[in-house]
């Protein structure tokens with residue numbers, strides 16, 4: 001810190017000397033405007049370095065998993081420096097889709113038949129040019145789950161595919177029913193509590209490449225679905241590891257947070273309209289079973305779930321659905337190593353609802369909490385187009401699971 005302060009003081013002195021000699025007229029006369037600018041810059045820099053840039057908090061229910069992460073994933077111990085001009089939660093969340101690049105990825109689409117007559121769309125990135133794992137039969141596979149209305153074309157998914165490609169792994173993206181352009185064959189979509197389609201996809205991936213190790217990564221609602229799946233399956237899964245980003249752990253708290261005036265305006269109304277657009281797209285098959293006109297009048301996610309989601313999946317009340325969809329109630333049953341990344345300033349998953357105590361009770365769980373990052377933001381660097389803190393966590397954890405996974409056995 002002394003070296004950093006010294007360098008900053010030298011830079012400020014030299015810049016001041018240069019500008020005072022080159023710029024004869026300041027904002028309010030010679031030197032006054034310059035002094036204000038330099039003073040503000042110095043104050044902002046000090047505030048950023050002291051209050052914004054922080055090391056994340058790593059919490060685990062067992063010493064073995066904690067030490068594994070510290071040794072194999074150095075990112076968990078490094079200071080997270082959010083992009084200095086957009087570190088605020090909502091700004092990170094809103095800007096991430098626009099400032100991060102979308103790497104070019106060519107998928108191979110596959111439609112999987114479900115028992116109810118529906119179909120599930122998955123997008124494969126085979127990575128046949130992998131040098132480290134040239135044999136497709138044993139090439140490690142990463143299963144990716146997007147967020148609430150996301151698909152395989154989301155920038156955060158494309159970034160994880162790119163990271164996996166660099167490591168030589170294969171990826172398969174699980175698209176929820178009806179969101180990626182495929183025809184909805186039955187009057188059923190998806191929700192965070194129901195993991196039947198996910199189980200079908202995992203079993204299909206395992207059958208397709210029986211000798212290949214599999215891990216999974218879920219984002220937002222995709223992470224909630226993964227956590228609920230692991231809580232229900234226990235040890236009865238082929239997944240060797242799971243990483244979850246920006247999951248909502250308690251749906252009641254998440255919904256209440258998003259119903260605050262500003263967050264309702266910025267996020268809730270938009271996401272509700274996205275959900276309604278999907279319903280409208282498949283109206284011919286859905287209106288046979290549901291009052292679509294009533295659904296289209298919903299103004300919040302809660303109203304949408306009351307009028308559509310909870311009814312579709314047979315819940316007596318929306319409160320019953322929200323309880324079942326909340327992963328916090330199932331964490332004690334997770335038997336697979338699972339790393340969870342959350343930002344303390346995420347308005348979608350408020351800090352007081354992050355399940356710190358539940359994680360401490362299960363040696364298979366680890367929680368990484370950053371002070372900033374927003375919801376699926378985690379932007380870092382001057383212009384964060386190509387990589388985020390979340391990307392680095394994913395890449396290091398995926399590599400650790402596939403290459404050092406033997407150290408994760410028997411975490412008790």
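Here the Cβ of each residue, glycine as well, is placed from N, Cα and C on the backbone.
TrEMBL does not curate its annotations; it predicts them automatically.
Listed in TrEMBL:
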| type | residues | note |
| --- | --- | --- |
| DOMAIN | 140-381 | domain 'AB hydrolase-1' |
| ACT_SITE | 220 | active site, charge relay system |
| ACT_SITE | 346 | active site, charge relay system |
| ACT_SITE | 375 | active site, charge relay system |
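This view paints the features noted in TrEMBL onto the structure.
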residue : record                           : CB count, 10 Å
220     : active site, charge relay system : 27
346     : active site, charge relay system : 29
375     : active site, charge relay system : 26
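Looking just at the domain 'AB hydrolase-1' (140-381), the mean pLDDT is 97.
On a Cα basis, residue 375 (active site, charge relay system) lies 5 Å away from residue 346 (active site, charge relay system). Taking only the Cα positions, the spacing between residue 220 (active site, charge relay system) and residue 375 (active site, charge relay system) is 8 angstrom.
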